[in-house]
Amino acid sequence: MSVSNEYKLVVMGGGGVGKSALTIQFIQNHFIEEYDPTIEDSYRRQCQVDEDTCLLDILDTAGQDDYSAMRDQYMRTGQGFLCVYDVTSRTSFEEINVVREQIIRVKDNDKVPIVLVGNKCDLENLREVTEGEGSELAKSFSVPFLETSAKKRLNVDECFFEVVREIKKSLKEPGRSKKDKKGGILKKFKGGDCLIL
């Protein structure tokens, strides 16, 4: 089985939302019970996404509040992002706007491949964020949305595969426009770049 594509995925979100639990469940098929704050961990997994054999290079990052100096660097190198919040934490859900804005600022592109992930959906009795709220936020961002449970292994593979699909989709879009620093749109015309303000 030869690998045709390699993708760099970055898992982002607040501290304690289950980024490491999701990533380790995806890579090693087991659930980590104890919370040990991550600085930065990198994992690789070869897998089949639709018809393609892919090598996923996954960066499990520190929570939003920690280690912000490294954040811009891994946002620059990432191709696709899982923006994870905890359905039992309204605060982590509200932080997602900031996470997305940081990604868009660093990538200088508002069409970055992102999947919104509401983790810990097995803790229904502690839920603070409804599935409908997650779905509405994803719709406002124009990104896919999944609720997951790292503990029960619900939608774990699917959320990573969905990011790969979003990356593939973005790579197929010809001449995607990019916002410049002043808010204009750069478009390719014969003879060079033009700035439309």
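Cβ coordinates come from backbone N, Cα and C, glycine included.
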Query: To which of the residue ranges 35-43, 107-115, 134-142 does Swiss-Prot assign the term motif 'Effector region'?
result: 35-43
- request: For C121 (GTP binding site), just count the other CB atoms lying within 10 A of its CB, please.
  value: 23
Query: Fewest neighbouring Cβ atoms within 10 Å: which of the binding-site residues G13, G16?
result: G16
Task: Give me the mean pLDDT over the motif 'Effector region' (35-43), rounded to a whole number.
output: 73
